[in-house]
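These come from TrEMBL:
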TRANSMEM  17-36  transmembrane segment
TRANSMEM  56-74  transmembrane segment
TRANSMEM  86-106  transmembrane segment
TRANSMEM  112-132  transmembrane segment
TRANSMEM  144-165  transmembrane segment
TRANSMEM  185-206  transmembrane segment
TRANSMEM  265-284  transmembrane segment
TRANSMEM  296-316  transmembrane segment
TRANSMEM  328-347  transmembrane segment
TRANSMEM  353-377  transmembrane segment
TRANSMEM  389-412  transmembrane segment
Amino acid sequence: MENLDENGPPARLEGKYGAMVVCWLLGNGCLFSWNSMLTIEDYYGYLFPDYHPSRVLTLVYQPFALGTLAVLAYHEAKINTRRRNLFGYILFFLSSVLVLVLDLATSGKGGLGTFIGICAISGAFGVADAHVQGGMVGDLSFMLPEFVQSFLAGLAASGALTSALRLITKAAFENTKDGLRKGAILFFAISAFFELLCVLLYAFAFPKMPIVKYYRSKAASEGSKTVSADLAAGGIQTLLEIDGEDPNKLQRLSNKELLFQNMDYALDMFLIYVLTLSIFPGFLSEDTGSHSLGTWYALVLIAMYNVCDLIGRYIPLFKFLKLTSRRGLMIAILSRFLLIPAFYFTAKYGDQGWMILLTSFLGLTNGYFTVCVLTSAPKGYKGPEQNALGNLLVLFLVGGLFAGVTLDWLWLIGKGW
């Protein structure tokens, strides 16, 4: 293996911006299928009016994501990252195809059997997400913060793109026979194609980029065992022999020590998403009353959330706008909980303009704080520790998602449930 500069990467290391684009696309693919399922909730609401699909599908998805990610995070140091990420993207692709097959096989009819099938696919999306999101954030944490930011922006962009596509398909097919179904089928055909593209990008393009090979080689020199397959895919066949290395150089903090040192960041991630998912998408889909936008209302709210979430993830690129104080982050994230009474009273007494404004603010702060935490936390650690910390923070993120979608059901109290 080539000698690695102790002081940082070479001044002209090729492929930074190309790698950022690939990270953005891979982030997009991580949630594109799941966001497709969320965004066509009006179709599933029509097929399964008695089953609360927007809530149930999310509630099925999260335990699979959380349980799988907990196991993967615990064994992170021994797992082949390349195999983990490829498995996740391939599972996304196959599950997207299965949604199409199920809809075509049942001719777009509802019923309990079809709903159980959709729930099973939702669970598969959760398993795939646990493999990809934790694996990619961990992998990118020992590279450049811009790579983490690009991946996280891609996650948000998947929501914005699926919302834009849904608005277009709804406008194109609304007045045709079986229009909702045609739009949904087109949606998952695009989703399956995009997931296949992500499989190819991660398998063949990403590991061969010079800057990616540099940081993976650097992580290997610091004792990481998770990058060997990716290095081999990039054409680096031999790893450093560690026998003659300084043992202290290869020592790393345990997951428990990392967690204790970064408990505030872990709580930040949990609190960001427990609030967001207690409101989005269930409350926005079902509990916002009737307005002049009619059937477009829920779609417009979800689209505004997704677009503002995407914008929020680019704000920290401006250094003077990035919040790096650990105490400041905690105070700002706790203050977001004031949005709960704000949403409740706006839904009860306000008009649609105020609800759209609140939803936009929810998305903007969600994206902004996510990037601030995940790009600040790994600084100062060795490659293997940064990988482990990235996995742990995503675990708390998904834990917050699960708690949020569970608490989301509280909005139904007093409505016949």
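Cβ coordinates come from backbone N, Cα and C, glycine included.
Where the annotation comes from TrEMBL, it is an automatic prediction and has not been curated.
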Among the ranges 112-132, 144-165, 265-284, 328-347, 353-377, the one whose Cβ pairs under 8 Å to the transmembrane segment (389-412) are most numerous | 265-284
Between 86-106, 144-165, 296-316, 328-347, who has the most Cβ pairs under 8 Å to the transmembrane segment (185-206)?
-> 86-106
Taking contact to mean three or more C-beta pairs under 8 angstroms, with sequence separation of 6 or more, is the transmembrane segment (86-106) in contact with the transmembrane segment (296-316)?
-> no
Which residues, given as numbers and ranges, are at least 6 beyond the ends of the transmembrane segment (353-377) yet have a Cβ under 8 Å from it?
-> 137, 141, 145, 148-149, 152-153, 156, 262, 265, 268-269, 272-273, 276, 279-280, 284, 288, 300-301, 304-313, 315-316, 322-324, 329, 332-333, 336, 339, 342-343, 346-347, 389-390, 393, 397
